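Asker: Have a look at this one before I ask anything.
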Amino acid sequence: MPELPEVEVTRQGVSPYLIDNTVTDLIVRNPSLRWPVPEIAKQIIGQTIRNVRRRAKYLLIDTDAGTTIVHLGMSGSLRILPATTPAEKHDHIDLVLASGKALRFNDPRRFGAWLWCELPEQAHPLLSKLGPEPLTDAFNAPYLLESLANKKKAIKLCLMDNHIVVGVGNIYANEALFAAGIHPQAEAGKVDAERIEILVSEVKQILAGAIKQGGTTLKDFTNADGKPGYFAQKLHVYGRGGKTCTQCGHMLSEIKLGQRATVFCSLCQQR
């Protein structure tokens with residue numbers, strides 16, 4: 001599933017082709033995504049794209065008339081192609097531009113979304129209750145310590161809670177907790193301030209590193225020019241259950257936590 005770095009890499013890749021370009025058509029081949037593509041989404045036709053932003057794992061395409069909200073779901077990707085390129089299987093939507101290019105949305109599993117918002121996007125139900133962005137100053141140790149106070153849930157589940165901090169999905173939660181030496185099942189409210197400070201720092205470093213490497217490609221993700229991300233080559237725990245710890249050589253444990261694969265080193269990561 002594309003996480004924050006993958007969505008940010010996509011934003012960086014498509015932005016130069018979209019900003020200041022006028023939309024000439026919106027071709028919807030299959031509206032049956034996670035939510036049906038609304039007919040109102042075609043209000044973008046004739047509009048000039050003013051900006052392309054990211055909020056959590058959502059891509060926001062701004063025009064004067066409103067904002068297109070795109071979510072890549074489990075297997076979605078966006079690519080810039082000549083508008084005349086024949087559509088292939090799972091190419092569900094084309095945003096056609098006056099430049100002769102098109103932003104093409106491909107989603108084999110159809111868990112993604114293509115929506116339209118005329119209100120300030122902060123008021124949209126999908127965006128209104130999101131926590132701070134992890135790469136901003138708003139996500140800091142005092143904030144996280146206060147947010148976790150008295151919480152009995154596992155720290156990993158809290159780290160993946162978009163109401164607390166956005167965009168830290170399963171891959172990067174596993175990696176950040178390993179780097180910080182925190183057991184993923186540790187009770188969130190009992191993790192001390194020193195380790196929370198380390199965790200915040202590691203979350204920021206790991207996400208920034210993943211963006212620099214073009215995201216993590218495990219199966220479906222490619223960036224806007226069709227190339228894979230290379231951060232998978234730097235993963236220490238995610239997807240490595242039963243293999244040796246890169247730090248101490250002990251065998252990595254794998255469990256299910258919140259129905260998600262969770263890999264950790266029982267020696268390096270203490271409760």
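Glycine is no exception: its Cβ is also placed from the backbone N, Cα and C atoms.
According to Swiss-Prot, the record shows the following:
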- PRO2: active site, schiff-base intermediate with DNA (ACT_SITE)
- GLU3: active site, proton donor (ACT_SITE)
- LYS57: active site, proton donor (ACT_SITE)
- ARG260: active site, proton donor (ACT_SITE)
- HIS90, ARG109, LYS151: DNA binding site (BINDING)
- 236-270: zinc finger (ZN_FING)
Asker: Have a look around LYS151 (DNA binding site) and count the other CB atoms within 10 A of its CB, chains all included.
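Answerer: Result for LYS151 (DNA binding site): 17 other Cβ atoms within 10 Å.
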Asker: Which whole number of Å gives the largest C-alpha distance between any two of HIS90, ARG109, LYS151, the residues noted as binding DNA?
Answerer: 42
Asker: In terms of Cβ proximity under 8 Å, which residues at least six beyond the ends of the zinc finger (236-270) contact it?
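Answerer: Cβ under 8 Å, 6 or more out: 154, 156-157, 160, 170-171, 174-175, 177-179, 181-186, 218.
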Asker: Average the pLDDT scores across the zinc finger (236-270) and report the rounded value.
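Answerer: Average per-residue pLDDT within the zinc finger (236-270): 96.
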Asker: Which is it, of LYS57, HIS90, ARG260: the one of these recorded positions whose Cβ has the most other Cβ atoms within 10 Å?
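Answerer: Its Cβ has the most other Cβ atoms within 10 Å: LYS57.
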Asker: What is the separation, in Å, between the Cα atoms of ARG260 (active site, proton donor) and GLU3 (active site, proton donor)?
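Answerer: For ARG260 (active site, proton donor) versus GLU3 (active site, proton donor), the Cα atoms are 14 Å apart.
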Asker: Counting across all protein chains shown, how many other Cβ atoms sit within 10 Å of the Cβ of GLU3 (active site, proton donor)?
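Answerer: Neighbour count, Cβ to Cβ under the 10 Å cut-off: 23.
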